[in-house]
Amino acid sequence: MQNLTKEHFEPISVDLRQAEAIKRPSLSFWSDVWRRMRMNKVAMASMIFIVALIVCAIVVPWLTPQDYFTTDLAGKNKKPSAEHWFGTDDLGRDVFERIWYGARISLQVGLAAAFIDLIIGVIWGGLAGFYGGRVDEIMMRIADILFAIPYLLVVILLMVVLEPGVGTIIIALTITGWIGMARIVRGQILQLKNQEFVLAARSLGADANRLIFKHLIPNALGPIIVTLSLTVPSAIFAESFLSFIGLGVSAPIASWGTMSNEGLPAMKYYPWRLTFPAIFISMTILAFNLFGDGLRDAVDPRLRK
Amino acid sequence: MIRYLGKRIIFMLISLFLIVTATFFIMKAVPGGPFTSEKQVPPEIKAALEAKYKLNLPLHEQYFEYLKGVVTWDLGPSFTEKSSTVNDMISRGFPVSAHLGAQALLLAIFGGITLGVIAALNHNKWQDYSAMVIAVLGLSVPSFILASFYQYIFAIQLGWFPIAKWEGFEYTILPSLALAASPMAFIARLTRSNMIEVMGQDYIKTAKAKGLHTVAITVKHAIRNALLPVVTYLGPLIAGILTGAFVIERIFGVPGLGREFVLSITNRDYTVIMGTTVFYSIILVVMILIVDIAYTLVDPRIKLSDAGKE
């Protein structure tokens, strides 16, 4: 055995300061969410579907030669063909074209309703949760009373009275729709407002406005965004429901609900007139639901069950 | 308990009062009265008609008349079906709707719980995945599409069930299935996640350790606790089934109140719209109160005085 002398050993230089350095990029909350989200194949597929749907709804009516209102009585109720991909309806209008106009309506309604719910809900819930006590009691009681009124009945009643149209549907859907969001926000604020960082901000002199909108709401963003993403499908559903019972947009504007309504009596002989809008409504709501579920799991992995 | 009940009932009455008031003024805000038509009616006849329906009174008196009518359960005449009143329509249509609704409710509750329990007991196995696929589909496909799909497959293609109308038990199956689909899916998901949580608890381990049979553990220990949140969902569930019936009854030609309601919307029969809205709201608000009380009875851990505050 060879003698080991001191020369055989030499110190590997280790810079202790280097050892403490953080090698990986630090993950913010949202990049962490995005990382978890990417692992969820179903949610990613839904997201791709939604993006594709939005792009197509914007682009397709531009690119195609037909439009959604031109009638052609000689070519009515035609089967899907190279000329009319999804066939034509009882007035000879191109179903493919109408589907994409319907997509515009559905997406407009879904996104706008969700956005308005978000704004009202965040302000209402934020104020109620932050001030607590009397204010909270009164604000949440008002919300409770409004909430007790059946949602679809309110919407139907308003739709009966107001001029039919996309704007009306959005107003009708948001008039009691914000309450769910307000409750979520309030719950979050109640949880957060006694934490140290709020106390720290308060002792630095932050006023109520700054505390609510700069400190509390950003920390509650996860649940807010999840609720938001699940509001969209329910608004799209409500729009198609209303159009289906004849309270939605009026002719000749196409909406998936009105198309299904018109396609229903002809189901036996011209099934494509019902099938295509039905598939699009279901796929869209499905995609938004799955995306929302995935987002919820990604935002709060503890909720995953 | 009594204080809580009193508080709840007061809030319920406020809600109902708001609904009645809002419905009344919204309907009065509609341009044109029920007797506006293309035909020129002699002014005397018009005045006589308006006097008959008390439309000649000032608005606030009409409003008090209407409130009085609601309290004494007289919802006024129908303007398009001259021979019947709103009360007639409700007593004609509601039993049918209630029958359909009850059937759908039972289906949703039992089907949903069964699916959820099966999924939870076979967590992450194929039964779980297929149950959850069914549930997500049930939540995403709107009931009116599901209904037309059922009609196409089971009535037109296979001929197993009659396509529409309401003349016997076999006529009730497709509408009930269509109506029950989305609440069933919701209950299945709720039951599954609660069951999974409960099955991980220590007392289930204890039950297993002392050698209880799986069936006994599931039925006696797990399901009872997992079902509590399902009870809270019953209120919205009833609301969903009542409003869902609007389209289902229309598609299947069921002569219920929901179809009457949709028809009255199409005909712009304002008294019927008002009356049925008020009727539906009363049912829903009362049902939700009953469900809340039932919940506190089922789960003794909840104190009634705190229950209202979340």
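Including glycine, each Cβ sits where the backbone N, Cα and C put it.
On a predicted model such as this, the values are computed, not experimentally measured, just so you know.
TrEMBL lists B:9-27 (among others) with the feature transmembrane segment.
Among the features that TrEMBL reports, domain 'ABC transmembrane type-1' is placed at B:94-295.
Positions annotated as transmembrane segment by TrEMBL: B:100-121 (among others).
Annotation comment: TrEMBL describes B:133-153 (among others) as transmembrane segment.
According to TrEMBL, the transmembrane segment annotation covers B:173-191 (among others). Counting same-chain residues at least six beyond the ends of the transmembrane segment (B:173-191), those with a Cβ under 8 angstroms from any Cβ of the stretch are 100-101, 103-105, 107-109, 111-113, 115-117, 119-120, 131-132, 134-139, 141, 143, 146-147, 150-151, 154-155, 161, 226-227, 229-230, 233, 237, 240-241, 244-245, 248-249, 251-252, 254.
According to TrEMBL, the feature transmembrane segment maps to B:230-252 (among others).
Listed as Cβ neighbours of the transmembrane segment (B:272-295) (distance under 8 Å, sequence separation of 6 or more from its ends, same chain) are residues 5, 8-9, 12, 15-16, 19-20, 23-24, 27, 66, 70, 75-76, 78-80, 86-87, 89-90, 94, 228, 231-232, 234-235, 238-239, 242-243, 257, 260-261, 264-265, 302, 307. Feature annotation from TrEMBL assigns transmembrane segment to B:272-295 (among others).
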Folded-back contacts onto the transmembrane segment (B:133-153), same chain, C-beta under 8 angstroms, at least six residues removed: 115, 163-164, 174-175, 177-179, 181-182, 184-186, 188-189, 192, 244, 247-248, 251-252
